[in-house]
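J.: Take a look at the following structure, please.
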Amino acid sequence: MLTSTGPSNQLSAEPSGRCLRAVRFFTGDMRQCGEWVKRQVLIIQLLDGILRGTAQVMFVSNPVSGLLILTGLFLQNPWWALNSLLGTFVSTVSAILLRQNREAIFAGLHGYNGTLVGMLMAAFSSKGNWYWWLLFPNVFMSMLCPVISSALSSIMSKWDLPIFTLPFNILTCLHIAATGTTHPYFPEVKIQPKVHLHHSDSLANLSIPQLFLSVPVGVGQVFGCDSPWTSCLVLLALLLCSPAICIHALLGSTAGLCTGLALAAPLEDVYAGLWGYNSALSCIAIGGVFYGLTWQTHILSLICGKTENRIYYSSSEVENRTIKGVLMSFSALFCAYVTSATSKLMSVLALPACTWPFCLSTLIFLLLSSENPAICRLPLSAVSYPEENRHYLRHLRMSEKALSSCKGEQTPERMEG
């Protein structure tokens, strides 16, 4: 058989190279698209910022991911999605008018709280769908998002900490507490106090198919959605930007689900994914976004106990991988415990738990101090998606090694002189 190594191979390699470049263009944070958008008119920049803001709820800065998530929200409920889109638009425009940092605005960092505010205000309204008067408080609360974000940033920046979804939590609880269930124009759904939270026979009536389905639904519940189709689109959006974020979201939702079963939570809450969404966010944040932890390292940390006879590492490497996996697991499990306590306490005040458990538990883990080099928290200015964070840490370590080798070479020269 004759084999050709000439121009035909080059022609066959060109389409594959083009496909690879096209895939890289739509994955990650789409930096090339962002650079192109900066040279366009304000309307295109605003559209890009709104889509990125929708995706930033899940720590993703990718307009295509934002489009996929927005499509999923419309599949869940068009009225909720419309309020979500309006909240993102208003909060982004308000940030522009307040002259906030433009790079942060068009990266979606001033839009994601408005996304959640609009979505959850519509979800908790007892007036149902297409109650147009609800747009007025939605616009007002969304306008306050960049104000609360800027105020909290000035405080949290002292410790180089993110504000997460604290503005959303504050404004949503403020609106629900101010209106209540008997308001003539903006009544809210009644939230019953969770007095009898534990069910002793919960495991006896367990449905395995529903249990497996609750893992992706738990990821979709970040947006208040219980539709499996919406959850699949959210996971697809995460996978497009970062496989690490997608894996961590599923791992976190699974950890929250298991904790809910261990705490004998009502099965309807477990099946609806209400025990998974806070843990999913916490697992994403700790598992590679704000800490220098990669998805490969997490997989190795989970299986190192089973494969230590096949893969040989130094004892320090195995210890570092184990510590990273334990840190990620602890954050998700701890967040699930905080979810149980917070939802019980907030229900007494007729308020939803929102994402308070995620914010509280993740901030505690980000304030963790350790002398172990494996636990490396990234500065906020360098935070990106996990794969990019991995490259950043690799280049940082290479530059440190080069600097130390240069110092080592200069020392003997001085001694000889």
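Here the Cβ of each residue, glycine as well, is placed from N, Cα and C on the backbone.
Just so you know, TrEMBL annotations never went through curation; they're auto-generated.
What TrEMBL shows for this protein is this:
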- Thr355: site 'Important for channel permeability' (SITE)
- 57-74: transmembrane segment (TRANSMEM)
- 80-98: transmembrane segment (TRANSMEM)
- 105-124: transmembrane segment (TRANSMEM)
- 130-152: transmembrane segment (TRANSMEM)
- 164-186: transmembrane segment (TRANSMEM)
- 206-225: transmembrane segment (TRANSMEM)
- 232-265: transmembrane segment (TRANSMEM)
- 277-304: transmembrane segment (TRANSMEM)
- 325-343: transmembrane segment (TRANSMEM)
- 349-368: transmembrane segment (TRANSMEM)
J.: Return the stretch with the most CB pairs under 8 A relative to the transmembrane segment (80-98), choosing among 105-124, 164-186, 349-368.
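T.: Ranking 105-124, 164-186, 349-368 by Cβ pairs under 8 Å to the transmembrane segment (80-98) puts 105-124 first.
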J.: Are the transmembrane segment (105-124) and the transmembrane segment (164-186) close, by which I mean at least 3 Cβ pairs under 8 Å that are 6+ residues apart in sequence?
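T.: Touching, yes - the transmembrane segment (105-124) and the transmembrane segment (164-186) meet the threshold of 3 or more Cβ pairs under 8 Å.
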J.: Among all protein chains shown, how many Cβ atoms are found within 10 Å of the Cβ of Thr355 (site 'Important for channel permeability'), not counting that one?
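T.: Thr355 (site 'Important for channel permeability') is surrounded by 26 other Cβ atoms within 10 Å.
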J.: Sort out for me which stretch, of 57-74, 130-152, 164-186, 349-368, has the most Cβ pairs below 8 angstroms to the transmembrane segment (206-225).
T.: 57-74
